[in-house]
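All remarks here apply to the structure that follows.
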């Protein structure tokens with residue numbers, strides 16, 4: 001093997017070994033998904049690209065009641081982000097599920113409790129709102145201005 005290639009391969013291996021020691025960020029999205037499943041009867045995946053606000057980002061006016069649930073959830077996360085050190089997308093929390101009831105169990109006023117309450121409220125809202133298949137995967141450039 002060419003010595004230059006061997007040197008590059010060694011550097012890549014060392015970098016990968018170093019990266020293996022970095023703990024992964026725990027995303028609360030898994031917990032949010034489980035809350036959605038607990039509170040409702042629809043598959044959680046149907047909310048990923050729904051309307052203008054369900055999924056990453058959001059703009060314009062929510063297209064319906066379900067999309068408004070996502071809009072409110074986005075704003076709730078925005079409020080949580082105002083707490084120093086609180087990242088709602090990575091903050092894990094404690095809760096119980098006795099289908100369809102959800103209970104957040106972290107101490108009131110903590111980042112974890114606030115994020116849990118955001119997710120709980122959204123999951124309950126999703127379960128109550130009608131689902132319009134025509135608003136799944138809509139064009140944001142056309143419908144969300």
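Placement of Cβ uses the backbone N, Cα and C atoms for every residue, glycine included.
Same-site candidate for Ca(2+) binding, as annotated by Swiss-Prot with 53, 55, 57, chosen from 64, 74: 74. Just so you know, the Cβ of residue 55 (Ca(2+) binding site) picks up 14 other Cβ atoms within 10 Å once every protein chain is counted. Excluding 53, 55, 57, 74, which define the Ca(2+) site, the same chain contributes 52, 54, 56, 58, 70, 71 within 8 Å (Cβ to the Cβ centroid), listed in sequence order.
The shortest Cα-Cα distance between residue 76 (disulfide bond) and any of the recorded positions 52, 53, 55, 69 is the one to 69.
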